[in-house]
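Straight from Swiss-Prot, the features:
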- 1-17: signal peptide (SIGNAL)
- 27: N-linked glycosylation site (CARBOHYD)
- 28: N-linked glycosylation site (CARBOHYD)
- 40: N-linked glycosylation site (CARBOHYD)
- 59-292: disulfide bond (DISULFID)
- 72-84: disulfide bond (DISULFID)
- 104: N-linked glycosylation site (CARBOHYD)
- 107-153: disulfide bond (DISULFID)
- 296-320: disulfide bond (DISULFID)
- 304: N-linked glycosylation site (CARBOHYD)
- 488-492: disulfide bond (DISULFID)
- 498: N-linked glycosylation site (CARBOHYD)
- 551-566: topological domain 'Cytoplasmic' (TOPO_DOM)
């Protein structure tokens, strides 16, 4: 009985032993990240690298409003289509907006030669100065400048023509050869537009220009071309059997352009001195223009984000994240978030870091939980936590800085005859996009794996730090915790945490308690062995007595015959 009481007392004393545990932070975060080896790992903290939202608005870009062309397209705006009069004073923009119904372009049917290239050139233009390159009143005294009108370009119910071009016809009965030059003295490139008319019949050719064998010649240091009218019957378009082809060139500073013609010239009236240097672009969007400002615009809406990637739209203008096909790019900064199930016994034992993290520790990533006669509590290890925060912050910033190359990505322009080139270009762009997406996803997977391993290593290092201090003054109890062989008050606990634990000071007490506990274990084992032998012998005797009694009863009533032979 004394042995049993001694064992119970020792068990009770063991439960009261002072303990210290090493563990890590946990919280109620539901953030998940992917690693090379795992999917949807819940972590305490993470940062998102992928922007997937927009405001649904077309905004000013860095304080400069866009140019909304409305129902007009670039051709109608530059030629001066009468339906585009609201754009006559437009001279600066951050980007240009066409809509899905921007159909007012060339009112007189024909081709706009190298139109796609012109649109591409406008991607680097943010403003221009519109000026009369050849004043209407004084430039063409020998030719008619008021009768060149058409019902195809009507205005207020009357025939008219483009605002920026002059359709010159014969004056009286003659169309004398004309020659007119302009020298660029604007200090910047000048955009010059003109046209050539192709009548359907020789009769119309003579009616308009008198000369049947007319020509148009345009020349500069970089452009030189001679045109002859293509007189042929054509199906009517917009009520016209004739056609006009439209041309353009960029005239360098100091260069001279000369127009020479004996008929069929659609002469430039206004030209545009271009201000280049900024990233502009042309987007097609039906989103509304609002009084807002952004640094990045997509056709769907503005992005106000400093993230390195976005999956909103591949077409962007301004300082924009790189477009990728990914749906999730989240980088882990914290630890695996596995809150421990805090099963509490008589003295409220706390599960250690092997079983899960601590939601009670809120001021650090790694730390301690202690329990002694003075109470219990959590304390973060600030040094290891701060070192980890600094390292991970630097890593995240470095990744964002390296990948956050912000730029404009506008669509490339191709005409109907360049479909094979366009298709090839799309395949190349898709290939680059796949590579960018793969690189971004792989980078995040690898860094997440490294971050979680880094945290695991830090917890293990903290555990080993405590273990190396305590040595045999405490024992490991298998859940990230140590049980002291001596009394460890709050001052003692603090010394373990800050690395100043005095091992010799507690070694003698620990040695005595270790020996006492080991002795109790041995004595308890001897008692249990004696009890086991006694129990076995007693059970055997009871069995023999019972068997004898049954046999005697059976013999007495004749159920069993007993013979004793001598």
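Every residue gets a Cβ built from N, Cα and C, even glycine.
Neighbours of residue 107 (disulfide bond), defined as other CB atoms within 10 A of its CB across all chains, total 25.
Ranking the recorded positions 40, 84, 107, 488, 498 by the distance of their Cα atoms from the Cα of residue 320 (disulfide bond) places 40 first. Ranking the disulfide-bonded residues 320, 492 by the number of CB atoms within 10 A of their own CB puts 320 at the top. Least packed by the Cβ count within 10 Å, out of the disulfide-bonded residues 72, 292, 296, is 292.
Residue density at residue 84 (disulfide bond): 25 other Cβ atoms are found within 10 A of its Cβ, drawing on all protein chains shown. Among the recorded positions 28, 104, 296, the ones whose Cα sits within 10 Å of the Cα of residue 72 (disulfide bond) are 104. Taking the C-alpha positions, the distance from residue 28 (N-linked glycosylation site) to residue 104 (N-linked glycosylation site) comes to 58 Å. The Cβ of residue 27 (N-linked glycosylation site) has 18 neighbouring Cβ atoms from other residues within 10 Å, across all protein chains displayed. The CA atom of residue 107 (disulfide bond) is located 67 Å away from the CA atom of residue 27 (N-linked glycosylation site).
Note on proximity: among 84, 153, 296, 304, 498, the recorded positions of the record, the Cα nearest residue 492 (disulfide bond) is that of 498. When each of the disulfide-bonded residues 153, 488 is scored by how many other Cβ atoms sit within 10 Å of its Cβ, 153 comes out lowest.
The 10 Å shell around the Cβ of residue 304 (N-linked glycosylation site) contains 15 further Cβ atoms across the protein chains shown. Closest by Cα distance to residue 153 (disulfide bond), from the recorded positions 27, 40, 296, 304, 498, is 296.
Mean pLDDT across the topological domain 'Cytoplasmic' (551-566) comes to 56 in this model. Between the CA atoms of residue 292 (disulfide bond) and residue 304 (N-linked glycosylation site) there is a gap of 11 Å, rounded to the nearest whole number.
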